[in-house]
Structure formats: structure tokens, C-alpha cells
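As C-alpha cells, the structure follows; a few thoughts come after it.
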Ligand code: HEM
């Protein structure tokens, strides 16, 4: 489950930048297709995340925070892509993007116990 989760968000992060670069080079159709795949990955990220939550016997507040920040990142993926497509300003969302990623990586890898590094 955790491997599926990490694979899904890592792939989503790559595809997010692929979609952005396709947008900026004017390849709107290709960008749209990548964005569709990205949306399927959101579902995989959420499904595996919820699956991980169900594996817990008692959920602490940090787990809730981790899930909320994860959802926040998915929202930011969508906001940045849609605003980039509409040629609107994205700087406020990029700042949030950096903060949310720092938080989610800290919570996921440092604070919370499950890990892909454990056998
Ligand atoms: C793009 C969004 C997301 C990112 C980047 C992300 C990132 C991560 C990372 C880095 C870990 C730790 C992996 C490890 O220690 O090997 C993790 C674990 C986890 N994630 Fe996510 N996540 C996202 C979305 C979600 C969502 C939406 C949920 C819940 C609905 C969720 C629930 C969990 C849970 C329960 C764990 C296990 C925590 C632990 O004990 O280490 N995640 N995630």
C-alpha cells in the first residue's frame, strides 16, 4: 500500500511538470492528455492514502494533518495547471506548493512511522 502511494505521488509530480512544460511550449492537446492521466493518479493517491489510514488502529492528529496537506497538494496541482492554462498569475500558489511539499515530506518521512524504507 505504501509503495503504491509513494509511486503514485512521485509519478504525479513528474507528470505535473510535464504538463506545465507542454503548456508553456504551446502543445495544448498533449498537455490536456497528461492532465487527464494526472487526474486518475489523484484518485490512486487518495485511495492508497485512505487505505493506509484504514490500516491504523488509532489515528493521531498528525495523520489527519498529513492527509489534509496531501489533499492541499492535489488542489495546488489543479490550481497551478488551470491558472497556467488561462495565463493567470500563479506565484501565490507556487509559494503554497513549496510549503505544502516541505510539510508533507516532513510528516510522511520523519514524523509518521510507516515507511517504504522498512521491509
Ligand atoms: C500529492 C499528495 C500526497 C503526497 C505528496 C504524499 C506524501 C506522502 C509521503 C512522503 C509519505 C511517507 C512515505 C514513507 O514514509 O515511506 C506518505 C504516507 C502516507 N500518506 Fe500520503 N501523500 C499525499 C496524499 C495523501 C492523502 C490524500 C492521504 C489520505 C487521504 C494520505 C495519507 C497517507 C498516510 C496515512 C501515510 C502513512 C503515514 C506514515 O505512517 O508514514 N496521503 N504520503
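Numbers here mean position along the shown chain, with the first residue as 1.
In case you wondered, yes, glycine gets a Cβ from its N, Cα and C as well.
Annotations in TrEMBL come from automatic prediction, not curation.
Per TrEMBL, transmembrane segment is recorded for 6-24 (among others).
Here TrEMBL flags 36-56 (among others) as transmembrane segment. Packing against the transmembrane segment (36-56) from elsewhere in the chain are residues 1-2, 4-5, 8-9, 11-12, 15-16, 19, 63, 67, 70-71, 74, 77, 81, 114: each is 6 or more residues past its ends and has a CB under 8 Å from a CB in it.
Annotation source TrEMBL lists transmembrane segment at 62-81 (among others).
Positions annotated as transmembrane segment by TrEMBL: 93-110 (among others). Packing against the transmembrane segment (93-110) from elsewhere in the chain are residues 62, 65-66, 69-70, 72-73, 76, 79-80, 83: each is 6 or more residues past its ends and has a CB under 8 Å from a CB in it.
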